[in-house]
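Per TrEMBL, the feature active site maps to Arg192. Under the heading Zn(2+) binding site, TrEMBL lists His98, Glu115, His172. If you look up TrEMBL, you'll see 7-103 marked as domain 'Phosphomannose isomerase type I catalytic'. The annotation domain 'Mannose-6-phosphate isomerase cupin' is assigned in TrEMBL to 239-315.
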Amino acid sequence: MTEPLILTAALHEKMWGGTALRDVFGFDIPSETTGEAWLISGHKNGTVFCEDGRYAGKSIAELWQEEPQLFGNTDTNRPFPLLVKLLDAHQDLSVQVHPDDAYAGGHAGELGKTESWYIVAAEPGAEIYYGHTAQTKAEFDAAVDAGDWDKLLRKVPVKAGDFFYVPAGTLHALGAGVLALETQQSSDVTYRVYDFDRVDAKTGELRELHLADAKNVTTVPFVPEQPQTSTATYGGVTVTTLVEAPYFNVYKWDVDGRATLDARAPYLLATVIDGTLDLTVFGVTYPLHKGQSFILPNDVEAWTLQGEATLITSTPGPKSM
């Protein structure tokens with residue numbers, strides 16, 4: 001009998017970060033420029049650990065190797081495939097692009113990075129950078145070389161509850177005033193294209209750009225991939241499918257009452273983004289609150305939720321198994 005893996009986040013300071021991870025979610029942030037909480041991760045740059053229970057103190061990376069049955073005995077010769085973060089964009093993030101598996105593997109020894117954003121909160125007028133206007137590679141390269149960002153970059157206004165699918169090769173950035181939950185491949189490969197000419201206070205220098213790699217991997221022309229959502233209700237839980245994609249599937253659970261759900265994947269990742277609830281597995285109840293994340297391992301075939309809460313959950317897609 002296996003219990004849920006309740007996790008402790010790894011926090012990362014960023015020059016664009018703020019205090020929302022503390023103010024909204026209650027995290028003990030290291031500074032007032034905290035940009036990311038890695039909630040569910042086996043990546044070497046921010047692996048997270050089990051908070052308590054049978055596997056207390058064990059990292060996701062360790063469990064992936066030592067206890068493969070927890071994940072349905074999937075291919076553990078590869079790294080744990082997914083990574084879930086909260087991002088506090090107090091300032092604009094750098095405009096960037098991520099490579100696909102082939103390019104990332106050949107140039108950085110990592111997985112590629114397809115990702116998605118669920119907008120948890122957004123200040124009035126907040127925007128994201130999502131794609132570009134160039135129709136040919138020559139046009140894209142020329143705009144980058146000229147620094148013609150106003151013409152090149154697509155800006156999209158956002159509000160709480162919006163969802164964006166961001167495949168590898170998509171030029172993108174969160175804008176100031178956005179708090180987002182990111183579900184992504186487990187990769188930390190980023191090619192920075194434009195950083196608003198900011199000086200890094202720690203080095204006194206402009207941050208490095210990666211224009212050659214960015215030109216190689218950016219998809220031209222940009223065609224937005226906005227998946228169609230669907231909704232189903234199971235007792236006191238409404239499940240909204242946000243995306244079902246090659247690397248991951250992402251869902252929103254709105255809990256208002258009590259319901260029992262069944263497993264439909266080798267394992268499930270979940271983060272409470274609002275409210276409180278009780279999770280019952282094998283007759284044991286685990287109280288959960290806003291900001292907590294957990295994994296339901298492979299042998300958890302059913303579980304009961306009770307309370308008033310919203311969760312973002314994900315499961316591995318076919319290319320992550």
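Glycine is treated like the rest: Cβ placed from N, Cα and C.
Shown here: features listed in TrEMBL, placed on the structure.
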residue : record              : contacts (Cβ under 8 Å, 6+ apart)
His98   : Zn(2+) binding site : Ala104, Gly112, Lys113, Thr114, Glu115, Ala168, Gly169, Thr170, Ser187, Val189, Thr190, Tyr191, Val217
His172  : Zn(2+) binding site : Val95, Gln96, Val97, Ile128, Tyr129, Tyr130, Gly131, Val166
Arg192  : active site         : Ser94, Val95, Gln96, Arg207, Glu208, Leu209, His210, Ala214
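Apart from the site residues His98, Glu115, His172, the chain places the Cβ of Gln96, Val97, Lys113, Thr114, Val166, Pro167, Ala168, Thr170, Gln184 no farther than 8 Å from the centroid of the site's Cβ atoms, the recorded Zn(2+) location.
In this structure, His98 (Zn(2+) binding site) belongs to neither helix nor strand by DSSP; it is coil.
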